Amino acid sequence: MSLLITSSRSVLRQVKSYSVFQCPAIHEGNLSSVLRTLYRQSSTFCVGLPCCRSSCWSWQCDLQSSRHIGLWSSHQNTPTLKTVTDVAKFIKERATNVLVMVGAGISTPSGIPDFRTPGTGLYDNLQKYNLPYPEAIFDIHFFMMDPRPFFALAQDLYPGVNYKPNVVHHFLRLLYEEEKLQMVYTQNIDGLERLAGIPDTKLMEAHGTFATASCTLCGKMHNSNKVKQAIIEGDIPMCEATNCKGKVKPDIVFFGENLPPSFWDYHQHIHFTDLLLIIGTSLEVYPFAGIADAVGTQTPRVLINLNAVGSLGRRTTDVILTGDLEESVHSLVRELGWEEKLKALEKVYESKQINEE
Ligand code: APR
Ligand code: ZN
């Protein structure tokens, strides 16, 4: 569940605008005594705390659960965003915790097909592998029976060999450099977010990554470069542990496998998210897609996608920017006035690539 309030100091560390906790209403009693009163008074409704500033901050305490939890959100001045100009203004002037959810759509401008776009999506182009159904290529049980289709696909898709980040990835890096980025939650396994410079601390690769590799039987970690070499040469990497006959695969999460435990930290993050940005995903696959519905109803959700997906559009605070996502991101960058910064970032990336060659 959400924030466990163990001591006011731990809360204050997480709370972005400390000024809320300096307002007189809180100062009479220190924060922990105020919290105790709140717990006594409140059940599952919102307790407004009069604040010295115009904005009102509220606590939602749910005593039903066995643990005291606190949901801390502003509920008075929820922004009404309608256009890309509104979104840019909000990001520029107010947001400091933009949570970003991305999917395969953001890699299509880099030349990597997504999964479900009719005709071009990967799942429409796997005939040569003779699969019982398209998703079998990422199904752990099917892999254990026959790993060849996956390794043949991995040979085509291996990150960093044929593909590079595009404007969307560089925009995410820019959000980070402007100290607006809370986290990037990605479903993509192509590693382009990493290549664009999103640091580990700001990146959750929910469906795993090619950056590491391990044995599917004993779990032994293997050198990912050696595994990459074997895959690119068309071999099936086998486990190096004695007496283990396991196949080694990159640590991408197959259907039937668990997501990384830290994926679930989003339950903490979302209470401090002031804008959710969803780019290039069909929101078809759970539990990843569940983040979109978990953010507070007062948190603006902005979808940048060919068309509306998931529950986007059902909340008054939703903004849907349909059409080509590269164009939508370019227009957002323009409205933010970050075009020069983006160009500079792309130049740095290109020069780094040239130096590494
Ligand atoms: N402009 C705008 N939207 C685009 C573009 C584009 N250039 N290219 C693709 N899209 C949109 C598609 O219309 C679609 O809505 O991006 C979305 C991609 O959806 P999917 O192909 O389903 O990819 P994704 O959502 O990442 O899939 C989720 O499914 O099979 C699993 O593990 C796999 O992580 C993957 C998960
Ligand atoms: Zn093994």
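Any Cβ shown, glycine's included, is placed from N, Cα and C.
What TrEMBL says about this protein:
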| type | residues | note |
| --- | --- | --- |
| DOMAIN | 77-339 | domain 'Deacetylase sirtuin-type' |
| ACT_SITE | His207 | active site, proton acceptor |
| BINDING | Cys215, Cys218, Cys239, Cys244 | Zn(2+) binding site |
Zn(2+) site shell beyond Cys215, Cys218, Cys239, Cys244, criterion: Cβ within 8 Å of Cβ centroid: Thr216, Leu217, Gly219, Lys220, Glu240, Ala241, Lys245, Gly246, Val248
Among His207, Cys215, Cys239, the recorded positions whose C-beta sits under 6 Å from ligand 1: His207
Same-chain residues at least 6 apart in sequence whose Cβ lies under 8 Å from the residue listed as 'active site, proton acceptor': Thr186, Gln187, Asn188, Ile189, Ile252, Val253, Leu259, Phe288
Entries of His207, Cys215, Cys218, Cys239, Cys244 (recorded positions) sitting next to ligand 2, with Cβ under 6 Å as the cut-off: Cys215, Cys218, Cys239, Cys244
Chain-internal residues near Cys244 (Zn(2+) binding site), provided their CB is under 8 angstroms and they sit 6+ positions away: Cys215, Leu217, Cys218, Lys220
Other CB atoms within 10 A, centred on Cys239 (Zn(2+) binding site): 19
Which of Cys215, Cys218, the listed binding-site residues, has fewest other Cβ atoms within 10 Å: Cys218
